[in-house]
Amino acid sequence: MSAAATVPLSHYGLHWFRRDLRVVGNPALEWSRQRHEGRVLGLFCFDHQFLARPDFSANRFAFFLETLAALRTDLRRLGGDLLVLDVGPRAAFSAVLGALGERGLLLPESISFNRDYEPFARQRDADIAAWLPKTFGVTVHSECDHLLVEPHELRRDGGGFYQIYTPFAKRWFALVRQPHVQARIAAQRAALQQHEAARSTASAGPRFALTWPRVFGGALPLADHLERYRQEHVPRATVPLPAAGFAAARTRLGEFLHNKLTLYAERRDIPAAAGTSQLSIYLKNGSLTSAQILAALGDVPVDFGERDGPTTFLREIAWREFYYHILYHCPQVEHEAFLPRFRQLSWPNREDWFAAWQRGLTGYPIVDAGMRQLQQTGWMHNRVRMIVASFLTKDLLVDWRWGERYFMQQLLDGDLAPNNGGWQWAASTGCDPQPYFRVFNPTLQGRKFDPQGEYIRRYVPELRHLPDKFLHEPAAAGALADYPRPLVDHKRQAALAVALYRQPRGS
Ligand SMILES: Cc1cc2nc3c(=O)[nH]c(=O)nc-3n(C[C@H](O)[C@H](O)[C@H](O)COP(=O)(O)OP(=O)(O)OC[C@H]3O[C@@H](n4cnc5c(N)ncnc54)[C@H](O)[C@@H]3O)c2cc1C
């Protein structure tokens, strides 16, 4: 037993990690660390029943477990600790605090967490925040982290919420210039600088001063589940998993800012160019946040109207926050169309067409390339996400919720708010939708955004040797032995889609 373990333990905190899986610049963790002079323990819990959810993704789960492992390594390196339990929060807190109580050991004085905005999470957090103080006499403290501007902070002048992206984003940009949001960014800038300085001088020193064995005075009476789950689930990943955790996210952000940001506005729509940040997987788990991105961007003018790389990039960050904002104010979008008039559409839902779309065998090269990129990498370029989503709903006439769920099963960055928002936008059922009578032509989209066919050739090897002029319309070259003819006639299907959306309500 270390010397520290013999000193009686005074007050300490428990930090409940959720979608804030990092140490650097973690507001609620930092609040606890300061309040308890470094004596703060980490807890993560997930209800194992979520593995049976219909939108469960084995690949995303594997990446998430690797993110937790990176977090634990970071915490331990700094003198802290993380316990991972595979039960829901009530059961987890009961197990931990109950075990401490039974042994007559000191309970944490506070429990901290960063706020989450999904409907399920808000309900869970309200329940836990009321239950913990009543049952265990602990203080509960929460902070803003997952979004730069919280949904309740951004309202229209009359008090309602924004349903259209552009006015939302203009207001978001204006708020970003306000002192309270600038303070969040400044805090992240300081945290990032402190982290860089500590790294370069190798002088981080233990910033935390408590471990789970220390609190229990020896071996833990509770089994930690992280390694068991990692051993079982990480080998099951069917796509190469990117490096996980804050350090990997920070490196990717640095590379993006250095190599791609200047040309972002020109290249972000070209799927072959890899001109985007690919930070979505890290934003999803909170290995990195919008505030940290703004902090790292430095002194860029935050002006919605600019057309340069940094501002275009910020407008995309604002899209993410917009969809969180919509989900917060209209939780029903999780299950149904935002627009009431499109809640009863009679989707034909042909299962064989849906299967061909999933497998990248529709006979439309840009669609097939996108679906195969998704299958092979767990990620898809945003322009192609829009094309394949439009194709599924408006060419194949399949309910957007089928596509939304399939994306959740496949995407490493699968995230309810932007995924639901993206699908409802493409299907014209959402807020700020693509008008239903405007249907993406997949052939023209391919020609415009992949003119040399570099992206198509990368993911559809059957077409690799086709001359450029046939690449976007291979059927024009005659029958191909190993590539399907178009599953549907685009013009005909687009007309059917318009008719479907015109159906009288409820018919
Ligand atoms: C049908 C459909 C489904 C989608 N599903 C998801 C999803 O599950 N998870 C997810 O994070 N994004 C989703 N998006 C949004 C977008 O495609 C991804 O965020 C983006 O492709 C991620 O790549 P990136 O990090 O390189 O983006 P960048 O171009 O580098 O953008 C930076 C960040 O801005 C945000 N962002 C960019 N574009 C959008 C957008 N159109 N909507 C909302 N946020 C955006 C992301 O957080 C992204 O990481 C979806 C879009 C569509 C059309």
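Heads up, the Cβ atoms here are built off N, Cα and C, so glycines get one too.
As written in TrEMBL, here are the features:
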BINDING   Tyr264, 276-280, Phe313, 316-323, 413-415  FAD binding site
DOMAIN    11-148  domain 'Photolyase/cryptochrome alpha/beta'
SITE      Trp347  site 'Electron transfer via tryptophanyl radical'
SITE      Trp400  site 'Electron transfer via tryptophanyl radical'
SITE      Trp423  site 'Electron transfer via tryptophanyl radical'
> Near ligand 1, which of the recorded positions Glu321, Trp347, Trp400, Asp413 have CB less than 6 Å from any of its atoms?
Replying inline: Asp413
> Going by C-alpha positions, which of the recorded sites (Trp347, Trp400, Trp423) is nearest Glu321 (FAD binding site)?
Replying inline: Trp423
> Relative to the Cα of Gln278 (FAD binding site), which of the recorded sites Trp347, Trp400, Trp423 has the closest Cα?
Replying inline: Trp423
>> Return the residues near Phe313 (FAD binding site) by Cβ distance under 8 Å, restricted to its own chain and a separation of at least 6 in sequence.
In response: Leu261, Tyr264, Ser277, Leu297
> Near Trp423 (site 'Electron transfer via tryptophanyl radical'), meaning Cα within 10 Å, which of Ala318, Trp347, Trp400, Asp413 (recorded positions)?
Replying inline: Trp400
> C-alpha of Asp413 (FAD binding site) to C-alpha of Trp347 (site 'Electron transfer via tryptophanyl radical'): distance in Å?
Replying inline: 27
> What residue among the recorded positions Tyr264, Trp347 has the most other CB atoms lying within 10 A of its CB?
Replying inline: Tyr264
> What counts of helix, strand and coil residues does DSSP assign across the domain 'Photolyase/cryptochrome alpha/beta' (11-148)?
Replying inline: 66 helix, 24 strand, 48 coil
> Counting other Cβ atoms within 10 Å of each Cβ, which of the binding-site residues Glu321, Asp413 scores lowest?
Replying inline: Asp413
>> If I take the alpha carbons of Trp347 (site 'Electron transfer via tryptophanyl radical') and Trp400 (site 'Electron transfer via tryptophanyl radical'), what is the distance between them in whole Å?
In response: 9
> What's the CA to CA span in angstrom from Ala318 (FAD binding site) over to Trp400 (site 'Electron transfer via tryptophanyl radical')?
Replying inline: 23
> Which three-state DSSP class does Gln278 (FAD binding site) fall into?
Replying inline: coil
>> Give me the count of other Cβ atoms within 10 A of the Cβ belonging to Ala318 (FAD binding site).
In response: 24
>> Check the DSSP secondary structure of Ala318 (FAD binding site), expressed as helix, strand or coil.
In response: helix
> Given the recorded positions Gln278, Trp400, Trp423, which one's Cβ is surrounded by the fewest other Cβ atoms within 10 Å?
Replying inline: Gln278
